[in-house]
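Enquirer: Can you keep this structure in mind? I'll have questions shortly.
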Amino acid sequence: MRSMPTYKKVNPSQAPIMVLSMTSSVLEKGQLYDLASTILSQSLSQVSGVGEVQIGGSSLPAVRIELEPQMLSQYGVSLDDVRTAITASNVRRPKGLVEDDLHNWQVQANDQLEKAADYAPLIIRYKDGATLRLKDVAKVSDAVEDRYNSGFFNYDQAVLLVINRQAGANIIETVAQIKAQLPALRAVLPASVKLQIAMDRSPVIKATLHEAEMTLLIAVILVILVVFLFLGSLASLIPTLAVPVSLVGTFAIMHLFGFSLNNLSLMALILATGLVVDDAIVVLENISRHIHNGVEPMKAAFLGAKEVGFTLLSMNVSLVAVFISILFMGGLVESLFREFSITLSVAIIVSLIVSLTLTPMLCARWLKPREASGENAFQRWSERVNDRMVEGYDRSLGWVLRHPRLTLISLLITVVVNIALYVVVPKTFLPQQDTGQLMGFVRGDDGLSFSVMQPKMEQFRRAVLADPAVESVAGFIGGSSGTNNAFMIVRLVPIAERKLSAEKVVERLRKTLPHVPGGRLFLAPDQDLQLGGGREQTSSQYQYIVQSADLTSLRQWYPKIVAALKSDPELTAIDAREGRGAQQVTLVVNRDTAKRLGIDMSMVTSVLNNAYSQRQVSTIYDSLNQYKVVMEVNPKYAQDPVTLEQVQVITADGQRVPLSSIAHYERSLANDRVSHDGQFAAENISFDLAEGATLDNANVAIERAIAAIGLPEDIITKTAGTASAFAATQKSQPWMILGALLAVYLVLGILYESYIHPLTILSTLPSAGVGALLTIYVVGSEFSLISLLGLFLLIGVVKKNAIMMIDLALHLERDQGMAPEESIRNACLQRLRPILMTTMAAILGALPLLLSTAEGAEMRKPLGLTIIGGLIFSQILTLYTTPVVYLYLDRLRHRFSRWRGVRTDAALETPL
């Protein structure tokens, strides 16, 4: 073993964080690859956070020996003779040492051949005074190991370094450290070598962080304005202090759990800005109300905090229960939203503590008695507006309470509308992000040679570079992906300059790309979250798998399925294996004839390997690397299967036997290449969505197209990757929502020690669902997992209004002996102002998510859209439906108690 074993900590499903390109007008590709392998890769791998550095676009330098079959035949030399001579002439083994009484000397010899010039004069045979050298039967040159591999950056040939991060490493810090290393690395490279950044994932993340910072600032300012608008004093500064304190506590817990700042955790922090002030607003408003009624600030602080303490506890514990329930859902939802749920839950818990400690203390110290402070003009205006608002609400509430059946019918209608909207709203898995990058795959027809594929790739590359939204293109062709496949990374100019989303750029490119016979370019916006599917490399975003236990049946029906999908207008960029495999030449050996001539199959296989497989026959050891000696016949003799007839096998007694004497060749297709999914033979189909199509509609269209074909029972079809994850979440979404509702019901039931009151609180949720779904439908958006997350948030936020009403109503019934109708009416009027304040704070906290224009904002907009639409609509309805439901359920509770024989106070029964 020449070196210690190594391991890599890399998540293969994550996209590279950076790609570097090396170009030179002087050095060959192999030399660039050598520099990348010996200098750059080693240095970059030592950067903290880097998990793996892959090099593509070429291969290591090598000595290539291209044999001339005619010359070999003329001199009577076999391919094995040449291979044996090369191997024997280039050895590097220990040779020991010699020593005397004082010194010892290591023994070395010139047994290492290092370059083509050393191999050319190598003696292959010496016979009858005649010397046959390698240069007499072969062309010897310094080239590369694999000539079927090429990389590019824009219009230049290039070697690419693809850098992946370690699992959990911070992308911004890792990229910053890599960039800090680049000047030193450029200094040790030859002057002709240009080391450039071909792809960098950090700018989008930095833009997201900057957007989050601005959003936090805007949200804090908006919250101050909301409180000032309702209270009209500098007391509006008090709730804002809950924001930094809560966020600092949240950051501490995030660090303890090892969380990072990503798109989802940032969304949680932005939303927390609007939520954490809710508790402080409720406390401040209650304390301000007592001071306005003449209570001393210190006493008002104690009294106000005590009155709403249980209310805040109910609001926050039930809200946390919604997000904690996500952690028990398992699967992809739990994996995606784990950090979001924990981050937001921690922020809510910290805000509860702050609102019951810091906020009352500040109120006691900063707020002044009514007589001492007086009222300014704005406060008087604010009071008048608030009084008129309460009066108007009181009149409308009275009408609603006199017509409860209409209110209940409207509540039932919202439930029905919820179901209807959920069915008709377009659905997708996750929103399409604009990360400023596109991923491209070029597929060539099966069997295309490397020399034919290169110009096709060149046409696509130039067409993409011609688009004004494209900044650079990097990629490679050949290598491990095959000679008929190529890959490219397209870097777009900043979104502020191109004015088009990445998805729109892809649609434009699809219309302008040239038609290249035998090749297709598939483009898609690069996404932060990538879900693999199928067993093969896929070129489009979504995958569909066809499998069967019967390979013959699979190959019979697979083309029909592909044709059906291609005819569907909902789908585009369909990538499927068109042919039945790559072309191949099968050498059929007459074993009897071969045996009679003293030839066995190992001899035939060996001579073919020597001739056509770029066989590595020796190794050149250097102080920094190892290089190969590659042997093959001259490529001009490998351009047609007819050349097989010129290959000769040398028998043990020295006879030269051409392969045509013992075998013939047959052209065929490589049908033995069989992909599997599980235990079944399978074929993969990739597809994208047509302009205006949704993944939900596409899945329905696929099912309809497959049903029309009438597949036999042994053919199984299914979605994979993102499409499969979408289908799975679609089935589980109703159960997820029911699980969250059940968690809230159980928590509220325990807190209130009642089966009835939690139902009253949960009755506020249908209106929020209608608002959210209706808003998504009206603006032409799609319901995604992010929207589902918004619904979970609404479940926790909307019920706060009902909790504030019901908790005070129960207090009035219990301590002041009010009848239910009187108590709930007083509670509604008294809690109107804090309800409006907290709702507006939550709406304005989510507003920056909706208005965000930074790169990657597409992931956040559906959340803002869902929350704002749900809160506005529910705010209008729940102020009226909650008291009506409360009274009906209270009457039901009394009837149930009498039925059980439990005595109730008739004075408290609802007169309905």
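Just so it is clear, glycine is given a Cβ too, placed from its N, Cα and C backbone atoms.
Straight from TrEMBL, here's the annotation block:
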- 214-234: transmembrane segment (TRANSMEM)
- 308-328: transmembrane segment (TRANSMEM)
- 340-363: transmembrane segment (TRANSMEM)
- 406-425: transmembrane segment (TRANSMEM)
- 735-752: transmembrane segment (TRANSMEM)
- 785-810: transmembrane segment (TRANSMEM)
- 831-851: transmembrane segment (TRANSMEM)
- 863-889: transmembrane segment (TRANSMEM)
Enquirer: Counting CB pairs under 8 Å, which listed stretch among 406-425, 785-810, 863-889 touches the transmembrane segment (308-328) the most?
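Expert: Stretch with the highest Cβ contact count: 785-810.
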Enquirer: Same-chain Cβ contacts of the transmembrane segment (340-363) under 8 Å, 6 or more residues past its ends?
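Expert: Distant Cβ neighbours of the transmembrane segment (340-363) are 235, 238-239, 241-242, 245-247, 249-250, 253-254, 257, 259, 264-265, 267-269, 271-272, 275-280, 282-284, 287-288, 297, 300-302, 304-305, 309, 312-313, 316, 319-320, 323-324, 326-327, 789, 793.
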Enquirer: Mind checking which residues of the chain, 6+ beyond the ends of the transmembrane segment (735-752), have their Cβ under 8 Å from one of its Cβ atoms?
Expert: 310, 313-314, 317-318, 321-322, 324-326, 328-329, 333, 758-759, 761-762, 765, 788, 791-792, 795-796, 799, 803, 810
Enquirer: Any chance the transmembrane segment (214-234) and the transmembrane segment (831-851) are in contact, meaning at least three CB pairs closer than 8 A with a sequence separation of 6+?
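Expert: Yes, the transmembrane segment (214-234) and the transmembrane segment (831-851) are in contact.
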Enquirer: Do any residues, 6 or more residues outside the transmembrane segment (863-889), come within under 8 Å Cβ-to-Cβ of it, and if so which ones?
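Expert: Distal contacts: 267, 271, 393, 396-397, 400-401, 404, 407-408, 410-411, 414, 756-757, 759-760, 763-765, 767-772, 774-776, 779, 781, 786-787, 789-791, 793-794, 797-798, 801-802, 805-806, 809, 820-821, 824-825, 828, 832, 835-836, 839, 842-843, 846-852, 910, 912.
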